[in-house]
């Protein structure tokens, strides 16, 4: 179940069967949801293949981005199961299948958010503390952080196994529906507040704070200065000198050549630092795009969710008005888009990702051309 549909199991909704809102919601669920799922599964699978290549495995934050692609696909698969159950045929017919579906949705939503928080913090360390980056941001530590997130999410959302059930659906077209138990509505309200804290309030504050610091750091050292005429002339001269020295020492042993090239690079640490900063800036642009897109697409759904929680707490009424029902469905679609749009962001802003993807396509095409018949 999507996050919004889970909440509708707790909050009553006024009758929309004979209104234009009902038709709009049906169109959204029948056509937009499968489109989001199809595009997202294809994009995330391609992203997973690209990040699994040897070239991208060495790239910064590749562990977080690989985990994000896996988690997003799991969420989209659970969304597809929910859509098939609602629109095609009842496939969720037991309490266990219902509980697993809601559990996977909660866990993957949590992990998706915290993967973005993880690589946002990783980028902050890389930009603001570059000397500590290779010490603290290792592949092993990134995997350990992801495993810690997964363990926390797995324990945090175990309450779904005793607060959800299959029950008789409302209306002739619905045999069964996966819903939350009414007797636990007080506990579920508290659980929803806790989930909102861990998937909305804390991640939003951390992502905005960290990305603001990264942007301020980049503003102090604009990348445009690195491409000044003086820098380009200096880089051209030094590169030619390096090539001449290397070409004229063919008769030297490999160890002597290595020491000589090392001395050349050591004499010019500023150039190496600038090239490194350029590469890190490209990665940072991609991750900033992912972070801010996440904030923009998630904020409306979380705002509606927070509004429902506050309304229920202040008025002691657990229902959603008709007009808010449609708005909630629209914001849920934006929320689900978060899990299917990262591939396009990587393609637009990630030069390494794009070049690796084109290389994979080119190699695959070449194999097909020269494959023996």
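Glycine is no exception: its Cβ is also placed from the backbone N, Cα and C atoms.
Just so it is clear, the model here is predicted, and its values are computed rather than measured.
Taking TrEMBL as the reference, the stretch among 264-282, 283-301 described by the feature transmembrane segment is residues 283-301. Per TrEMBL, the listed range annotated as transmembrane segment is 31-51 (candidates: 10-30, 31-51). When the ranges 177-196, 197-216 are checked against TrEMBL, the one recorded as transmembrane segment is 197-216. Between the transmembrane segment (330-349) and the stretches 63-84, 100-121, 142-162, 283-301, Cβ pairs under 8 Å are most numerous for 283-301. Within the chain carrying the transmembrane segment (100-121), a Cβ under 8 angstroms from the stretch's Cβ atoms is held by residues 1-3, 6, 61, 64-65, 67-68, 71-72, 74-75, 78-79, 81-82, 92, 142, 145-146, 149-150, 152-154, 156-158, 160-161, 164, 178, 180, 195, 198-199, 203, 206-207, 210-211, 287, 290-291, 294, 298, 338-339, all 6 or more beyond its ends. Highest Cβ contact count with the transmembrane segment (63-84) among the listed stretches 31-51, 142-162, 197-216 falls to 31-51 (criterion: pairs under 8 Å).
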